[in-house]
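Taken verbatim from TrEMBL:
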- 1-72: domain 'Glutamine amidotransferase type-2' (DOMAIN)
- 118, 154, 228, 229: ATP binding site (BINDING)
- 230: site 'Important for beta-aspartyl-AMP intermediate formation' (SITE)
C-alpha cells in the first residue's frame, strides 16, 4: 500500500478461491461504495448508481481501509498520528513545508494525457498553478505536451475569482481559459449535478454546479486531467470560522475532523463533478507525505492572530513568501479565503436561494421533519435539493451516505459552538462568518433574480464562455 502512496483505490482478486481484498485510498480522493445483496454477494462501485438496484444495503467505503471477503470485515491500513487528534508539537519549518508541497505537485505531473490546472485566483489553486508552472519544464509531461501550462477558471460576470485568476495567470505565464456562466445556466444544471455527484449537501451542490459546467468545457478542449487545490483549508484551518477557534487544541482537532470528512464533501465534489465528463482531478494538498508534514506542525503556528498580522493559512502563505523568487503577487498570496461557491460570484448563492423560494412553500417547510426525518432540511434551498436527490436515489442507504448537522461557513457541528451568534446564522457560505468575511451577509446588495438573467453564449478574450 505504501508503494501506491495511498493515492489509488483497488481490488485484488485471488482466482484460486475467488476471495478478494478491496482498498480505498488514504483520504477518499476518489469515490468508492460497498454494498451487500440479499444473496450474500458483495458489490463495489465508484457510484451509488452502480449499487442501488442490486443491493439491499450499501454505504460509503471508509477511506484508508481494507475490506477482506474472507474476514467480511474492514481493517484500517492508514493510521497516521493526526488521526488520533493528539496535539503535535513539531516546530514550524516553512522551507520543509514548501518542499513537501512542491514534491506533491511534481509527483502529479506524471501523465501521458493533455492536462492543465484549475485556477480560481485564491491561494490554494494559485500555489498549485505557480508550482506546476515552475517545475513543468523538467518533466516528461513537458516533452510530450509542451512547457506551456493551461489554466481554467469559471464564474459569473464580474466574479471575484475571474479577476484574481486572470492576474495570476498573467503573472505565472499560463494559457488562461475563462469560462462564464449565468445564474440561470447553473439552475438549469441542478438536476444533472445532483444525479452525478449523488448528494443533497447544500454547500457541495453550490460548488459542484460551476465545477460541473467548467469540466464540460475543459473536456471539450481535449484536456483529460487537471490539478486542483482541494484539501488546504482542512489542513491549515483556512475556512473563515477558524478565526474563532478558542485555542490550538480545538483548532487542531477541528482540522482533523475536517480531513476525515473530506470524502463526503470537497473530494466528492472534485471527483464526481469532473469525472461526470471523463476529466480526472488530482489534488496535491492531499498527498499522504504532505499531510504528514503539515499535520505534524504545532497548531499554535496555524492559529489566526490578527494582532500579529496572521490571517487564515498563514503557515502556508509564509512558506511561499519568497522575496528573491516570488511564486505569486503579494496581494494574491495574502488574499482572504473565498469559498469556491462564493468566489464564482456572490450573486450565485443568492440566485439559488431565490430559485428555491419559488419551488418550496412555507407549508412544505412546516412538514419537513415528517417528510424527511433523517437530516431534515432547515432551509428551502436544502429542501429543494433533497426532493431532487430522493427522486434519483429513494433508498434509505442512499440518504444515509450524506452528512448532516448544523454548519456555518463549512464548519463541523462541533465548531458552531465557538461563537454563540452562529447558531442563529447557520449557512455553509463563507459570508456567514459574520465579523470575519469582508463581504459578510448583511453588507450585500439585493439577491439576484435568476429569472431576470438571460442565458447567453459568448466568446471571452481568454477563452470560450458557457
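The backbone N, Cα and C atoms fix where each Cβ goes, glycine too.
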Assuming the binding residues for ATP are exactly those in the record, 118, 154, 228, 229, what is the maximum CA-CA distance in angstrom, rounded?
15
Other than its own, how many Cβ atoms are within 10 Å of the Cβ belonging to residue 228 (ATP binding site)?
25
Determine how many residues of the domain 'Glutamine amidotransferase type-2' (1-72) DSSP places in helix, in strand and in coil.
6 helix, 26 strand, 40 coil
